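> The compositional bias 'Polar residues' feature in TrEMBL is assigned to 30-55. Among the features that TrEMBL reports, domain 'Amino acid transporter transmembrane' is placed at 64-472. According to TrEMBL, the feature region 'Disordered' maps to 28-55. According to TrEMBL, the transmembrane segment annotation covers 92-116, 159-178, 211-228, 235-256, 276-295, 307-329, 354-375, 387-410, 416-442, 454-473.
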Amino acid sequence: MWKWKPHGLAGRGSVGTMSSRRLRSEDYNDYSSTDVTPEGSPSNGPNSCAGSSTYQRFGETNGTTSFQTLIHVLKGNIGTGLLGLPLAIKNAGIVMGPVSLLVIGIIAVHCMRILVKCAHHFCRKLQKPFVDYGDAVMYGLEASPVAWLRTHSIWGRHLVSFFLIVTQLGFCCVYFVFLADNLKQVISAANGTTNDCHSNETVVLTPTMDSRLYILSLLPFIVLLVFIRNLKFLSIFSLLANIAMLVSLVMIYQYIVQGIPDPGRLPLVSGWKTYPLFFGTAIFAFEGIGVVLPLENKMKNPQHFPVILYVGMAIVSVLYISLGALGYLRFGANIQASITLNLPNCWMYQSVKLLYSFGIFFTYALQFYVPAEIIIPCARSRVPERWALAVDLLLRTFLVCVTCVLAILIPRLDIVISLVGSVSSSALALIIPPLLEIFTYFQEGLHPVTIAKDILISLIGFVGFVVGTYEALEALVTNPVSPSPVSNATGALVL
């Protein structure tokens, strides 16, 4: 998110999209990914910015291949948001949910394409080899017909940085809640965990700590994890985390396709009160826009990127829609905030929860790297060198504690995902890119249909931002703690 993103785990589980690179406080970069951005790559700006076919520039000599970039696109968009989509489908309806996911996916990919097109425009216009998200917004405001926006264009860069920080720290809050919920269920059901994954025996969960205490107990381990400042030391764990999450997804699919009950009992369209929660979760899952420019810039053949983007996001959309719909069909009204919480209490599926939790644990450090490298270098530059390390570690500890406290205050996984998606992901993925296109090309002539389309997309994002945030906060106030489920071996939950 990034989700990361890696965004995420980004966006949000972009476990493998980062390479070890130290970022300097004096340089602003697209911190939604810490991939190396090539220095001095010659740019033969496009003769026209209408499409990638006219955009020509040299890629990195040692850049990524098309297949490697495709893998990065997939990893940059698949994370915890995926596991929350079955509940999102419930909030929208078994027909309305998949259709809405498809529409949101198409709009999100279109906004990614807009961002790439605008970046190419400024690369050609300013003779720059690379323009990141923040720079693109800043240059877009400089080209705006509104004088006030031109004189305050630097705030465009700051705005993108702010939303990146909020998004990435939001992902980290989600990870805290996800880890706590899954660990709590595994420990609670330990007395009833068997090798039989098909019996109908009801398992009464053993009383255990509140999920907020699990969140607090994770704090020292997460703090120690983020003290690892060089991502090279996390590379092996990142690889293992990717494998663990892939194996977990395969096992989840293997289970949910078995014994799907009659779908006729499920509502085709849910009430309008819950639809904003669907929107927040959906845009949280699709918010991978921060990794787009760094990935395109790192390719050997960047002119192939549009095709890679469309193919990758098509795969992501199929994965999202299929898991969301099948998960809701399989568990119906009993679907939980993460589909892993619906899995049976046998050792095979308990291992799925542990495997995915293992992957999410190390993904936290990668997602945390983004806001840390925006905030910490500025703080280090203001203190004597002998205090730099102490300030670095103190700020890392403080930021982790902030995400921990927010997770304790919002211990409902479904609500925190929807809230992060509505507040920050909608801004980065839906609201800003269409406005950027208007600002970038307005003085050069922009078709009224294009302007109307961009305004409509931004309005959809803004309405989702306002209504989604309101409904998430209202749901949190009404029911701040998720009900404790009683599970049977087949995964059906009795509430």
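For all residues, glycine too, the Cβ spot is worked out from N, Cα and C.
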> Is it true that the transmembrane segment (159-178) and the transmembrane segment (235-256) have 3 or more Cβ pairs under 8 Å, skipping pairs fewer than 6 apart in sequence?
no
> Between the transmembrane segment (92-116) and the stretches 211-228, 235-256, 454-473, work out which stretch tops the count of Cβ pairs under 8 Å.
454-473
> Assess whether the transmembrane segment (276-295) lies in contact with the transmembrane segment (235-256), where contact requires at least three Cβ pairs under 8 Å among residues 6 or more apart in sequence.
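Per Cβ check, the transmembrane segment (276-295) does not touch the transmembrane segment (235-256).
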